[in-house]
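*Asks:* Structure in structure tokens, see below.
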Amino acid sequence: MGLYPLFADLTGLPVLVVGGGHVAERKTAALLSAGAKVRVGAPSLTPALMQQVEENKIEHLPGAFQPAWLDDVWLVIAATDDHALNADVAANAEARRILANVVDAPALSRFQVPAMVDRTPLTVAISTGGAAPVIARRVRETLETELDHALGPLTALAQRYRTRITQRWPDLAERRAFYDWLHDGPVMNLLRNARPDEAERVLLEALDAKEPASRKGSVLLVGAGPGDPGLLTLRALRALNQADVILHDSLVSEPVLALARRDAERIDVGKRCGGRHTQQEQIHQLLLEQAQAGRLVVRLKGGDPFVFGRGGEEMEFLHQHGIAFEIVPGVTAAVACAAYAGVPLTHRGHARSVHLLTGHGKESLDAMDWPALAQDHQTLAVYMGVARLDEFTQRLLEHGRRPDTPFVIIENGTLPQQRVVRGVLQELPAHAKEHAIHPPALLIVGEVAAMANEHAWFGRLG
Ligand code: SAH
């Protein structure tokens, strides 16, 4: 037989917790946050419970359990480590028709406390009926990652306008469409972006409008991280779950793409060398067309969209064309590759600063402040440097960076095929050639790079 699920309104009702230890403390906290009047019965209490007694937040019933403690309570939780006592509490409660929960003893419990995902006023409760609480916990984790935190404020907003929404759309199908718009459209986005006033204004406008609000397209510029799907942010994962269409770079790894909604359309807009400019314009046009068609577009980029990712240009373009956008940061290659090679980018006594550089193209090399970069005790993280390693090294040496400055090159960082090649600056071009480094690869130059020798923990060493 399954359990009958229920959510209880305990506001102002007396509830008894038997036991004064850490479990009782947890149970008390949950009951207090539901507004119950908690009485804790036990010979002694934890310091935290004692403090709540002193602050008049809870009442203490001292001494051993007495059935009279149950006199006017609505619920009881037995949270002692004495099995016989817990069973006695449960039996007394049963006799008085008071629902009892015995912690970790479903057979003795009339009610059970579910695992919970809290997006108040939205609450998800999970129970296995005591069969396997660990499984309930796993399900909770999954839901916890999946359910947007903005669902709380959205539900609260819907609650406040519920009557008006029903009056405005008496027809159920239309009302459902409105709630879909609320959940998928600009109101939810604004709440997520910490703009509750604007969210409310947009909701009010929609209530006053003649036509039902249609869903407007928008673009999320999302950082996919360096490759390991574990390095995606929750926000990026949720975006992938919601996308109608995903425009991704070739750098974005297959395991990351595999996390996307199955029926989302995928377009590989990976840019190859040559004709770069037209390609970027084509991407802009695609973003525009897809958003104007009312779709939720995820523009998925390797690493972080704003670090050598041309995310800035795309943002400006979207802004010029009045398309709503959001930016979801990602773990950029320098940060990720350094971590996965055991190289701290800054380190006391070894590096005071980090420079993120791109070694792509002669102009960018010419534009660099070489005298500054050549100084010691700073870390250089060089993106897209593979083709111009010789020139890069030569200039650094010419400007006085020590020839024995350590370096590491991380190829396919964070992926199972990650490779780390290390050495000192003067041997850099020869080493890179010898090991046939292929993109994507990131170069780190600086005193800290020596630490890769001892602290490698991921993948193989080159
Ligand atoms: N926006 C990206 C960078 C794009 S430029 C970010 O923030 O990471 C592309 C360059 O990033 C590559 O040429 C390489 O130098 C670096 N890169 C990206 N992913 C990488 C990876 N998994 N391993 C090593 N380098 C990587």
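Each residue, glycine too, has its Cβ placed from N, Cα and C.
Where the annotation comes from TrEMBL, it is an automatic prediction and has not been curated.
Fair warning: this is a prediction, and the values are worked out from it, not measured in the lab.
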*Asks:* Per TrEMBL, which of G185, G270, G413, G423 sits in the S-adenosyl-L-methionine site along with P226, G302, G303, D304, V307, T332, A333, M384?
*Replies:* G413
*Asks:* Based on a Cβ-to-ligand 1 distance below 6 Å, what subset of the recorded positions H22, V23, P43, S44, D249 would you report?
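*Replies:* Correct list: empty, so none.
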*Asks:* In three-state terms from DSSP, label P43 (NAD(+) binding site) for me.
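*Replies:* Once the DSSP labels are grouped into three classes, P43 (NAD(+) binding site) ends up as coil.
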*Asks:* Among the binding-site residues listed here, P43, P226, G413, which has the most company in the form of other Cβ atoms within 10 Å of its Cβ?
*Replies:* P226
*Asks:* Counting other Cβ atoms within 10 Å of each Cβ, which of the binding-site residues V23, V307, A333 scores lowest?
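*Replies:* Among the binding-site residues V23, V307, A333, the lowest count of other Cβ atoms within 10 Å belongs to V23.
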*Asks:* Can you count the other CB atoms that lie within 10 A of the CB of S44 (NAD(+) binding site)?
*Replies:* 11
*Asks:* Helix, strand or coil: which one is A333 (S-adenosyl-L-methionine binding site) in, per DSSP?
*Replies:* helix
